[in-house]
Amino acid sequence: MLERGLSELGSDAGGDQRERLLRFLELLRKWNRVYSLTAIEDPCEGVRLHLLDSLSIASFLHGRRVLDVGTGPGLPGIPLAIVQPERRFVLLDCNAKKIRFVRQAVIELGLANVVPVQARIESFTDAEGFDCVLARAYASLAEIWTDAAPLLRTGGTVLALKGRRPEAELGDLPAGVAVGIHRLRVPGVEAERHLAELKPTGQDS
C-alpha cells in the first residue's frame with residue numbers, strides 16, 4: 001500500500017526511506033498504547049492518513065529550513081524529513097509527551113535533519129527564520145498567519161493543511177496576505193484535502 005501510494009504521489013522515495021516511514025508508523029503504534037498520541041490505530045489507515053497525507057504536500061516545500069507547528073507526534077514533519085533529507089526541520093509542540101515521542105523517533109530513525117522543540121509558537125524565536133512553516137489541523141488561517149509570519153524568511157511561505165476548502169476563513173485574513181488554495185489528492189483517502197499557501201502580497205514564488 002505504501003509503495004503504491006508513493007508512486008501515485010510521484011515520490012521517488014528509496015527503499016531505505018520507505019523502511020523508515022514504516023518504522024515510524026510502528027513506533028507510533030507502540031507508543032500510542034501508553035501515551036494516546038493518535039486516534040488512528042489501524043495500520044492501513046496509518047499509511048493513508050499519517051504517511052501519505054503528510055507526503056501529499058512534499059512538492060510544495062522549498063528552501064532549506066522548515067518549521068512544523070503543532071507537530072503532535074511528528075506529523076507531517078517526520079515523514080517529510082525522511083523523504084527530504086536535504087532540508088532541516090524543526091518540529092514544534094507544547095505537549096510534553098508528544099515531543100518526548102518525537103525525540104525518541106528521531107533517535108531511533110537516525111534523523112539528523114530534525115530538531116524537536118517543546119514550546120508554544122507564541123514564545124518560540126529563531127534567529128535564522130524559516131523558508132516554510134507547516135500547520136496541520138492547527139488553527140484558523142488568520143491565527144496561523146499571525147503566529148507564523150514573524151518566523152518567515154524573505155521569500156518564505158506558510159503551508160496550512162485543511163480538509164474542505166476553507167472559504168469562511170479566507171475573509172478573516174489581514175490585508176497584505178496572498179493566498180493560493182490547492183486541492184490535494186491523497187491515495188486511498190476520499191475525504192477532501194486542501195493546502196492553503198500564504199505569503200506576503202507582492203512576494204514572488
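Here, residue 1 is simply the first one shown, and the rest follow in order.
The backbone N, Cα and C atoms fix where each Cβ goes, and this holds for glycine too.
Feature annotations, reproduced from Swiss-Prot:
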{"type": "BINDING", "residues": "G70, L75, I121, E122, R136", "note": "S-adenosyl-L-methionine binding site"}
So how many other Cβ atoms are close to L75 (S-adenosyl-L-methionine binding site), meaning within 10 Å of its Cβ?
27
Site diameter for S-adenosyl-L-methionine, Å, by largest Cα distance between G70, L75, I121, E122, R136:
20
